[in-house]
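Participant: Summarising the annotation, TrEMBL assigns region 'Disordered' to 1-34, 63-84. According to TrEMBL, the feature transmembrane segment maps to 158-179, 185-206, 227-249, 269-288, 324-343. Summarising the annotation, TrEMBL assigns domain 'Cation efflux protein transmembrane' to 163-354. Annotation source TrEMBL lists domain 'Cation efflux protein cytoplasmic' at 361-434.
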Amino acid sequence: MDAGNQNPNDRFMELDPNPYHRHPSRDVYSPMPASNLLHGEAKASAIHDTPDMLSRHRTASTFDAENQFPDQSSSSDPLDLSRRLKSRSELDRITANTARKRNAICSPLGITGQNASSQVVDFYKNQNEQIENFLKPVDQHVREARDTHASNHLQYKIAVYGSFGANICLAALQVYGAIASGSLSLFTTMADSIFDPLSNLTLILSHKAVQKVDARKFPAGKARIENAGNIVFCFLMIAVSFILIAFSIQDLSQGSTDETKSFHLPSVIAVSIAFCTKFLLFLYCWALRNQYSQIRILWEDHRNDLFVNGFGILTSVGGSKLRWWLDPAGAIVLSVLITFLWLRTAYSEFQLLIGITADTETQQLITYVSMTHSERIKQIDTVRAWHSGPRLVVEVDVVMDPDETLRVCHDIAEELQMKLESLPDIERAYVHIDFETTHKPEHFVKKEI
């Protein structure tokens, strides 16, 4: 939790009071100061700079974790979010009203009523999807994720092993094309194609390694093996690109006595076959790219190969039909393009390894699940969610009555922890219990190693 010098009231994210405490029972719970349900932000909560701050040490619970799974059935809509859903007729009226108002005004920017109304309708459609996502019971999220993975398992295997087999054949085909023609542009496409099956093999081995990791040696973060394998492959591709750039510069510096290079049709046909095959694999992996991290890497690889093979064909033919220097110049451009694409991929993988914050929609879902988990949870102090590889680690601080028994607090926190960990893509969840929000931060950022 971050402490600052500005007014603490400006740093709290206000929500309606807890729906379970609209009419609290005074004979069960002690009265608490009037406050809002959520004191804090999605990623860091604020504290009050008052002289009576509390500094406490947390003690670990002595209770063993129960084996029974928490009840994940959803209650009725406690925050009455369903009333905020927009029906199809309401969206149609919004479209008509917004278009009429915009068309009546002469906008200097040329914004049409149709564009403005579509933006408003898109906003409400996204809001409807978010509300419907909130109102789903947690076990429905789990069931849908399980059903999706089960139904796509065959497609997943076809994408991974099909790409692996196709890349082996295409690598042999492009090796022939590059050696037969002697074109540096085709040598660039050949180098890229040779590393494609190695990329597939890295992904397959990483996925199998995740399943076999000893939980006693690596209790968490096993999925990060995939990110580490992807980063290694990215830098291998970048190293090969630098080598090809050096050869191309050498070829340009030596020059040529001939105006053009020799044209070799079978080589062009071989690379064209590779281009068409990559296009089909690109289309096949496109539908699964957001469901599996391995498929996304394959999809990006096929997308990159489309640019590489297409541009390589153009510069190779240009070097044999127009000017000789188009071939080595094209190889340099291709190598720079490959370097840029794989550096961008490595950057995104590094962000997942370092622990970038989860997207806003996921944080909002975690907050909603936590605040509606139990009527005994009076406030949500902090919600944090960050990546540990392709999966997420979640930390939630909940506020309960100070007179509540340790056993009840423990059971509620443990059930919430198990519920959060059952959500898709969440690897580990930590739930902390407090009885107020005006204390020093439990954690601080170490700025020195």
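For all residues, glycine too, the Cβ spot is worked out from N, Cα and C.
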Participant: Need one number: mean pLDDT over the domain 'Cation efflux protein cytoplasmic' (361-434).
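Facilitator: PLDDT averaged over the stretch: 92.
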Participant: Do the transmembrane segment (158-179) and the transmembrane segment (269-288) share at least 3 Cβ pairs under 8 Å, sequence separation 6 or more?
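Facilitator: The answer is yes, given that the two segments have at least 3 Cβ pairs within the 8 Å cut-off.
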Participant: Where among 185-206, 227-249, 324-343 do we find the most Cβ pairs under 8 Å to the transmembrane segment (269-288)?
Facilitator: 185-206
Participant: Residue counts in helix (H, G, I), strand (E, B) and coil for the domain 'Cation efflux protein cytoplasmic' (361-434), per DSSP?
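Facilitator: Split by secondary structure, the domain 'Cation efflux protein cytoplasmic' (361-434) comes out as 28 helix, 31 strand, 15 coil.
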